[in-house]
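As structure tokens, the structure follows; a few thoughts come after it.
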Amino acid sequence: MFACLRIGRFIRLGNVTVKSTNLVLRCVFIRNFATHADHLFDELPQRDLSSLNSQLSSHLRSGNPNDTLALFLQIHRASPDLSSHTFTPVLGACSLLSYPETGRQVHALMIKQGAETGTISKTALIDMYSKYGHLVDSVRVFESVEEKDLVSWNALLSGFLRNGKGKEALGVFAAMYRERVEISEFTLSSVVKTCASLKILQQGKQVHAMVVVTGRDLVVLGTAMISFYSSVGLINEAMKVYNSLNVHTDEVMLNSLISGCIRNRNYKEAFLLMSRQRPNVRVLSSSLAGCSDNSDLWIGKQIHCVALRNGFVSDSKLCNGLMDMYGKCGQIVQARTIFRAIPSKSVVSWTSMIDAYAVNGDGVKALEIFREMCEEGSGVLPNSVTFLVVISACAHAGLVKEGKECFGMMKEKYRLVPGTEHYVCFIDILSKAGETEEIWRLVERMMENDNQSIPCAIWVAVLSACSLNMDLTRGEYVARRLMEETGPENASIYVLVSNFYAAMGKWDVVEELRGKLKNKGLVKTAGHSLFI
């Protein structure tokens, strides 16, 4: 309030000069007063590049990426000479809007104007390309950074983690350690999350030991450590981390521990922890996520009762969790009832309901809800997760025509960039329909894009399609690509390629591959049965 009064007095007294206003704009930007920033910006008799940069940052910080791009276009038309500080918020806007082509055009303009040289601008480029899933470009930009600082290293590590490349993220961390880069709590937290996602116990314990030995702030890393031990099934170790923090624990840590107990079916401890605090939406939502993972309907219903008693059932986030839980437990009627009762449905609400029908094998109903969402009256636009759920539903239900329509709509109508999982699901749809020519045209279009390599998961999907449709020639090409790109030490790929040749009746090749697998001492991670 005091800051607002000072800004008002500044404007009223007429002390509006370029230099003085730039200083106030920076202050307003830091405090995130977007309206005041707009007012000050409009009052300027002259606008220099510094004030324009501040306004760009203000728009982005206020969550208005479209306004950021619109202002940037005006600046570029009026002043062709731009600084690296001008481009940084623009790259952030491109990242938020998922406009790969626009992002590349901005990058090209940076190179043309010599604004790509700074570490800050290159870090923004690394972040932008990783959000597009273009990790090859992220690595290329990172390698061009002359003075790599902690922020640029963290941007690369986060990019791999964001795209599900856990092993590569750990490789970045190992390189940071070799290069003696000063590692922050953020870095360690990211690495712990990677270990949790990959369920790598030994490396996670090593990071925990590093935290203790180097005297890092365990309060900052506590939630990540609790989540890690919970994910690998060591709930007692998670309890030890929580108890070691004593008075420094917070609600987020407790919620993480409760969720971990439920995921590991330690219900007695979970409800004991719940009794230590007043029930809240956050802890109930995280607990419902555990019930969804375990398909535990009885515990989910108990949590639903707690939510009803405390008047939380009007909260959209909690309702989304309830829908997901009932859907995963096969209770589609209850999920639908909760969905219809939500007054203001978010994109998560719609997606959760679509997914509930999808996981229960009703692709037609899933499409019905999706079309209802896309109607103008809903006021909600589908995102990439929504399309992944819908395309997956079409794949499982064998809805080829509808799957094609959804995949095309994603790119053309909503300007969303399909990710690896979208392509895998779409290839599965085409494969079951026997449309191998369409699959190959899709692969050829992807190969024409030299800036992005085709992920291994897509090649695996194409190989499965070749196997299903008895396409030996193309299957052999894909098999060679997989063997080349994953390296000679990947046992799973050897088995996958071997199974392809077995389906083709090429038993001599199968025997040769199995022999190589044995001679190299490679062992495929074995599956397990819940019954045997």
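Glycine is no exception: its Cβ is also placed from the backbone N, Cα and C atoms.
Per Swiss-Prot, the features are as follows:
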TRANSIT   1-33  transit peptide
REPEAT    48-82  repeat 'PPR 1'
REPEAT    83-117  repeat 'PPR 2'
REPEAT    118-148  repeat 'PPR 3'
REPEAT    149-183  repeat 'PPR 4'
REPEAT    184-218  repeat 'PPR 5'
REPEAT    223-248  repeat 'PPR 6'
REPEAT    250-280  repeat 'PPR 7'
REPEAT    281-314  repeat 'PPR 8'
REPEAT    315-345  repeat 'PPR 9'
REPEAT    346-380  repeat 'PPR 10'
REPEAT    383-413  repeat 'PPR 11'
REPEAT    419-453  repeat 'PPR 12'
REGION    458-532  region 'Type E motif'
Sequence-distant contacts of the repeat 'PPR 2' (83-117), meaning Cβ under 8 Å and at least 6 residues beyond its ends, amount to 49, 52-53, 56-57, 59-60, 65-66, 68-69, 72, 75-76, 124-125, 127-129, 131-132, 134, 384, 415-417, 451
Residue distribution over DSSP helix, strand and coil in the repeat 'PPR 12' (419-453): 26 helix, 0 strand, 9 coil
Same chain only, please: residues at least 6 beyond the ends of the repeat 'PPR 10' (346-380) with a C-beta under 8 Å from a C-beta of the stretch. Say none if there are none. 316-317, 319-320, 323-324, 326-328, 330, 332, 335-336, 339, 386, 389-390, 392-394, 396-399, 402, 406
Taking residues 6+ outside the repeat 'PPR 11' (383-413), which of them lie with a CB under 8 Å of any CB in it? 98, 347, 350-351, 354-355, 357-358, 361-364, 366-367, 370, 373, 419, 421-422, 425-426, 428-430, 432-433, 435
Per the Cβ under 8 Å criterion, with at least 6 residues separating them from its ends, the repeat 'PPR 8' (281-314) contacts 251-252, 254-256, 258-263, 265, 267, 270, 274, 320-322, 324-326, 328-331, 338, 341, 343
Sequence-distant contacts of the repeat 'PPR 9' (315-345), meaning Cβ under 8 Å and at least 6 residues beyond its ends, amount to 281, 284-285, 288-289, 291-293, 295-297, 300, 304, 307, 352-353, 355-357, 359-360, 362, 378, 380
Using DSSP, what is the helix/strand/coil residue split across the repeat 'PPR 2' (83-117)? 28 helix, 0 strand, 7 coil
Same-chain Cβ contacts of the repeat 'PPR 6' (223-248) under 8 Å, 6 or more residues past its ends? 188-189, 192-193, 195-197, 199, 201, 204, 208, 211, 254, 256-257, 259-261, 263-264, 266, 269
Tally of residues which DSSP labels helix, strand or coil - the repeat 'PPR 10' (346-380): 28 helix, 0 strand, 7 coil
By DSSP, what is the split of the repeat 'PPR 11' (383-413) into helix, strand and coil residues? 27 helix, 0 strand, 4 coil
I'd like the per-state residue tally for the repeat 'PPR 5' (184-218) from DSSP, helix first, then strand, then coil. 28 helix, 0 strand, 7 coil
Across the repeat 'PPR 3' (118-148), what does the mean pLDDT come to, as a whole number? 87
Could you give the number of helix, strand and coil residues in the repeat 'PPR 6' (223-248) as assigned by DSSP? 22 helix, 0 strand, 4 coil
